[in-house]
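To start, the structure under review is shown below, and the notes come after it.
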Amino acid sequence: MPVRLVPSFRTVRRVVAFATIPAAIAITIQDNLYEITPVTGSSMAPTLSPDYELEGRSDRLLWSKVSASANLTRGGLVIYTNPQHSERTAVKRVVALEGDTVILDPRRRPGTLDRTTGREDLDRVQAKAWDQMAPKFEVPFGHVWVEGDNWRKSNDSNNFGPISKSLIIGSSPVIVFPWARLGTKPWDVRRRSGTRVVKGTQGVPPEVFRDMFE
Amino acid sequence: MLARLFHRPQLRLPILRRSSPIHRLRRHASTWRTRFIPSIKILRIPTLRAIHIPSIRDLRMPTPKAIQATAYWIARVSNYVILFFIGYHIFITHFFVYGPVYGISMLPTFNNSGDWVLTSSHYRRGRDLQVGDLITFTHPIKADTQSLKRVLGMPGDFVLRDTPGTSGVMQQVPEGHCWVAGDNQEWSRDSRMFGPLPLGLVKGKVVARKAAGEWLLRGLGEPWAEPEVD
């Protein structure tokens, strides 16, 4: 019996369907419902990825993507598109919501640490912007103030200011790796933080945009 | 293919006409032996001509076979619906979006209503974006709305911060952001009000526009560059 060299249309269709349909389903679920991402970097140490600097091990979190920017709480974790690099995402803690007044922590001023990574110019520019925000800064409408737990290594709102809530992709995460901490939320523990927040009223849009919310 | 979804499987018997060869050969035969087709008697498949008059017993509970057939039908239809939604989502986020636009902030480039635009998602998150492009983006203040404006500055560029003729202050667009403005400056809420727009919010770039029944591939440049057409 001759060997079939060219696969039949039915075989090709079946192989293509087996390859593309599960991938498409996974992509759609990831974009709209739930996504698992690794936490790279040590900006949230020791809460998340405590061994990242030494061993490169990162924790994995399961994020809820449905209505991510609604129902934000102070102290909760969010994943957002990096405002400085649009192709990357970052994981930080929401410290202040819109309308709150943030009393900035002098330890978190950009450029206070002796960094020799070639970021001196950027640190100087960001330090000037930080000085304009200090000592008290009111978070504008539609924005949140995010900070990483590791104040020494965190590129957060102290560097680039408050971020728009539209940038937030996911919230309410749960740890799925490592197995020892599966299902826990260790960031719910109240930590002593140098940044203090004065709670304010929320949900009052500025005059220019008021008609969009009626 | 769609018709097959909505029909229950039926056994199709060959139609034997009186002019067929077997009839011509046995025209003078006194007896006809029909083939015994057991499947009909066992499954009792109703034909299109049979009229089913429901009795009081039928109203109590559908047969297990009927339930199974209905479940299969629901599963097959919902399968196709789910696959269609998934394909639609992948197409929207990675390829093109075609939708209507409303508002006066982009006059005279776009009409107040009745315009439809084709947006290419290749330019999402600011990839290959240039000054002068028309982009759609998620609104930075209201996350569930999308806006359409024109890019006036990319990261590093210097742009006028306020309306021309007011303060004259220039601002440099920070890294990872762009400066957007509407073509109708008096009635547009853009970067003069909400500041530089993060490129992560950009959803796509307008590549074609359908206005009042005709497709326009030109006419998307800056209003001051194109000659006025009467």
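Each residue, glycine too, has its Cβ placed from N, Cα and C.
Less than 8 angstroms from the CB of A:SER43 (active site) sit A:ALA90, A:VAL91, A:LYS92, A:GLY148, A:ASP149, A:ASN150, A:LYS153, A:SER154, A:ASN155, A:ASP156, each of them six or more residues away in the same chain. Among the features that TrEMBL reports, active site is placed at A:SER43 (among others).
Per TrEMBL, the feature active site maps to A:LYS92 (among others). Other Cβ atoms within 10 Å of the Cβ of A:LYS92 (active site) number 22 in total over all chains.
Taken from TrEMBL, the feature domain 'Peptidase S26' applies to A:14-176.
Mapped onto three states, the DSSP output places A:SER43 (active site) in coil.
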